[in-house]
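Read the structure below first, then the notes.
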Amino acid sequence: MAFLDNPTIILAHIRQSHVTSDDTGMCEMVLIDHDVDLEKIHPPSMPGDSGSEIQGSNGETQGYVYAQSVDITSSWDFGIRRRSNTAQRLERLRKERQNQIKCKNIQWKERNSKQSAQELKSLFEKKSLKEKPPISGKQSILSVRLEQCPLQLNNPFNEYSKFDGKGHVGTTATKKIDVYLPLHSSQDRLLPMTVVTMASARVQDLIGLICWQYTSEGREPKLNDNVSAYCLHIAEDDGEVDTDFPPLDSNEPIHKFGFSTLALVEKYSSPGLTSKESLFVRINAAHGFSLIQVDNTKVTMKEILLKAVKRRKGSQKVSGPQYRLEKQSEPNVAVDLDSTLESQSAWEFCLVRENSSRADGVFEEDSQIDIATVQDMLSSHHYKSFKVSMIHRLRFTTDVQLGISGDKVEIDPVTNQKASTKFWIKQKPISIDSDLLCACDLAEEKSPSHAIFKLTYLSNHDYKHLYFESDAATVNEIVLKVNYILESRASTARADYFAQKQRKLNRRTSFSFQKEKKSGQQ
């Protein structure tokens with residue numbers, strides 16, 4: 001029998017009733033202000049008592065134990081709630097339904113129609129198990145590859161096959177290049193050989209890869225086993241080797257160059273090879289001349305004419321007026337284009353437009369060009385820098401570095417740490433394309449240590465002039481180098497500049513003639 005006014009019984013009943021179902025722990029907070037068990041152990045002391053604290057034999061405060069139900073026992077799985085029988089049955093029914101979906105029930109039916117013995121025999125036909133004789137005369141792909149293997153093993157350029165990028169397209173950086181082979185016969189040299197190389201390969205590795213692919217395809221003639229005997233030159237789309245530029249540096253990576261068309265040329269100056277003299281044909285035109293390089297004297301005059309016209313028109317399409325070739329010593333006599341250079345017995349020709357003739361004084365016969373002059377003309381396209389002073393109209397001269405090559409002329413200011421640029425205008429770098437250059441003339445030569453030259457170029461449909469000064473030797477070298485470049489290119493801007501200059505001269509001459517005529521009449 002329990003009394004409801006007994007707080008001890010009420011507290012124990014609440015704790016034992018909620019300990020298995022209350023996850024919040026609020027049952028432990030019931031009657032925390034009036035803990036009956038703690039008050040039993042430590043009764044309140046009367047005021048004035050000095051020994052109010054009750055200590056145990058060991059000097060520690062005595063603990064207390066809450067009342068616990070006898071029915072509740074602590075174990076390892078005390079906090080785990082077991083599944084009910086209903087949940088287990090539902091899980092078993094779900095698995096049975098899934099297994100029934102996977103199974104297919106077929107209802108057995110008796111056969112009504114009777115089939116003949118021949119039809120039953122055709123359902124399960126007996127197969128012949130006789131061994132078939134092997135087919136002879138047909139070669140497998142493996143046998144063919146094994147027969148071709150010795151040819152690849154004998155390739156002296158096998159070490160460069162690792163740079164072949166045909167199997168790495170899309171996964172690794174590769175570069176596709178069309179390579180012309182001038183050492184081929186006249187028919188095969190017109191068609192390029194496509195090579196796919198790894199972008200990380202050097203120029204020397206690309207040369208070895210070209211030689212490896214050339215040998216693997218069985219091309220003729222055979223190549224030299226030494227890769228150093230060959231070099232790569234820049235080539236036009238039709239296979240013509242551009243001799244104005246030096247060959248690519250063999251130690252540079254191939255991804256540094258953006259050319260998609262190259263030519264494999266043999267180094268005649270390599271050890272073990274005989275030297276071969278370069279042959280040049282001079283083609284005179286209205287505003288200069290061109291030097292056309294040929295391999296031998298067996299070349300036809302038609303090929304020389306095509307090269308001369310292409311050199312004259314540059315990147316434009318070879319169309320418009322037609323031209324013919326004439327010997328320099330035989331005016332108005334056209335050269336047979338089907339004949340060879342050897343049969344002409346001449347190395348200097350004139351490029352004349354059809355239905356026209358050479359005017360007197362247009363083509364002046366120059367003296368025979370020596371080999372030193374030819375070398376200077378060819379080396380003029382190589383890059384070279386000069387330190388000169390740029391002359392300005394309203395301010396002091398500026399020290400600049402003048403870089404000249406076959407493509408462009410660059411003017412870069414030389415920075416001087418001592419000179420203060422706070423109160424002066426800083427010179428900006430200038431880049432002039434060679435096709436926009438018009439003239440380079442010697443303006444003044446006072447002494448061997450001081451000379452001035454003028455550089456004229458086209459900028460925004462207007463001709464601008466730049467003046468530079470340096471010692472006489474440097475100025476003469478610059479003027480000669482720029483004029484060699486201008487004579488070999490024959491640009492449109494240069495032709496228009498000379499035409500405008502001639503019109504001004506004619507206008508000035510006619511004006512002075514009319515003035516003299518009026519003064520004579522008076």
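Numbers here mean position along the shown chain, with the first residue as 1.
Quick reminder: no glycine exception, Cβ is built from N, Cα and C everywhere.
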Among Ser122, Ser186, Ser339, residue that the record in Swiss-Prot marks as phosphoserine: Ser186
Record-annotated phosphoserine (source Swiss-Prot) among candidates Ser161, Ser250, Ser275, Ser510: Ser510
From modified residues Thr86, Ser128, Thr398, the one whose Cα lies nearest Ser356 (phosphoserine): Thr398
Mapped DSSP class for Thr398 (phosphothreonine), helix or strand or coil: strand
Among Ser128, Thr398, the most crowded of the modified residues [Cβ within 10 Å]: Thr398
The one of Thr86, Ser356 whose CB sees the fewest other CB atoms within 10 Å, among these modified residues: Thr86
Pairwise CA distance, Thr86 (phosphothreonine) versus Thr398 (phosphothreonine), rounded so that it is a whole Å: 101
Three-state secondary structure, Ser356 (phosphoserine) (per DSSP): coil
